[in-house]
Amino acid sequence: MSIQTFDDTRHLTGENGEFLGNSFAHSKTFSMATPFLTTSTTLSLSLSTHLHRLSSSLSSTCFPFKPNLHRVPRNPSLLASYGNPHLLFNHEDHHSTYKSLLSTRVLGPKSNFLQMGPSETSCSREILVKSSASDSSNTVISTLSQKVFGVLHLVVSLGIVLAMDKFLKQAFVAAAIKFPSALFGMFCIFSVLVILDTTIPAAATSLTNFFEPALMFIQRWLPLFYVPALVVLPLSVRDIPAASGLKICFIIAGGWLASLCVAGFTAIAIRKIVKTEMVDAEPMAKPSSFAPIEFWTWGGIFLASFVSAIFYPTALGTTARTCLPFLLASTVLGYMVGSGLPSAVKKVLHPIICCALSADLAAVAFGYISQSGVDAVLGDYLTKVSSNPGAGDILMGFLGSVILSFAFSMFKQRKLVKRHAAEIFISIILSSLFSLYSTALVGRLVGLEPSLTVSILPRCITVALALSIVSLFEGANSSLTAAAVVVTGLIGANFVQATLDKLRFRDPIARGIATASSAHGLGTAALSANEPEALPFCAIAYGLTGIFGSLFCSVPVIRQSLLAIVG
């Protein structure tokens, strides 16, 4: 008998002419000589019908195209199996052959089934959407967990630093030690890190990494912690005569510039004498900028607490506690706004100045609206009473932690500290002596009262140590001492960067030493906000200037010589 074959049908024959099967070329008619071949053809057509029905079912559900069941690709091994029943049914793994044939005839040789591409099917789209949704949810969960862990890490590390500072303060008070506990803690932490780095480097690295979130938080908000003294400055200088006030301002401004020059040029000169080659400092990470949501959050806190404090002055128990939220918010907002100013503007109007002005304006506005007066509001800003704290007390509570954090900055630059030890120590010693004696001499030359001159001698030393220094002199005014230190820091914070640039102090060592030796903490905060690589050298000069100043004034000969110059 003869039948009509599929399109593109060709006979396959062996070397002796025997029939082996069919390949597909053009439509032809051939004779089936034996019943066996008839059976083969019948099985093939039955399989074709079965596959046609199966493919039709699949097409109606998943496939947007209609497979061509009348054209089979030229795969010799598969076609031989298709045409030869022995090869088709006597193969060792006929099930895999059937699956191969199914995939070839239904899907075609280059099927796009479950592939991402222009011709992807609705089934593949559904699977990809589910997979994408699953990946997206996993990413959100992972990001959320990382943020929660980061917040917990910050809270724990910062809490340990605060607890350490509180413990040291209590220990020094109990032992009746007047030396600042935070400075002692700073040098202790630095020593421990250096010892660990020598013996167990991995431990020192792990310890530094653990406290990194707390250090970045402190560095980001560093200027805020020195602002309260500036905010309440009008209360400190109110009782000073105007003529004496002008003389004091002249001594402070001129003395700041002279001390800065002495410290910076001495450091450079010593480096040239000892022939120490300057190398780059270790890169220091800069804090992140402020996000818009932070502005809106603090702005909302300010408005809500300001209005509530006007209508309910003692809503939180005392006026200081009630005013605390809006005074704190005004301080933070002032710093944020100041930090966003152009660089050229910040060189003459530092964010610290904007911060203090913002808090003072808020105090003036509240004092006027509530008719309580600005003095009362400023008194609530910095109460200096632990049981009734104001906004300034909260901020100044971080000062000890700030000094402790300097130890980690010094440790990161330990190689440079060791390399340039000679210029660091010599320049700080000379600058400290110059500051004390020049202040005494100029005070006498301009005719300032001896008691006022003695009160401003430690103008370049941080407040805590400056107050302990003037306690060694009789008749000193501690309030004036605090005001002189604050004004010195104010001048340094506002003009230090521009002055350093004019004097061509390029390296972070000279810039850091000159800044901290002349403007202590406020200058340090101002410079390190834009030049974090100078922070370690500011920290060293900040601490050593106070230490050497205290030691010098403790020596009777030096103290008597200063009194003789003052007159």
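Our numbering is plain: 1 for the first residue shown, then up by one each step along the chain.
Any Cβ shown, glycine's included, is placed from N, Cα and C.
All annotation found in TrEMBL is predicted automatically rather than curated by experts.
TrEMBL tags one of the stretches 354-374, 480-500 as transmembrane segment, and that stretch is 480-500.
Segment annotation: TrEMBL labels transmembrane segment over residues 394-412 (candidates 394-412, 508-526). Spatially, the transmembrane segment (424-446) is adjacent to the transmembrane segment (534-558); three or more Cβ-Cβ distances between them are under 8 Å for residues at least 6 apart in sequence. Long-range contacts of the transmembrane segment (324-341) within the same chain, counting only residues at least 6 positions beyond its ends with a Cβ under 8 Å from a Cβ of the stretch, are 221, 223-224, 227, 231, 289-290, 294-295, 298-299, 301-302, 304-306, 309, 316, 349-359, 361-363, 366, 377, 380-381, 389-392, 394-395, 529.
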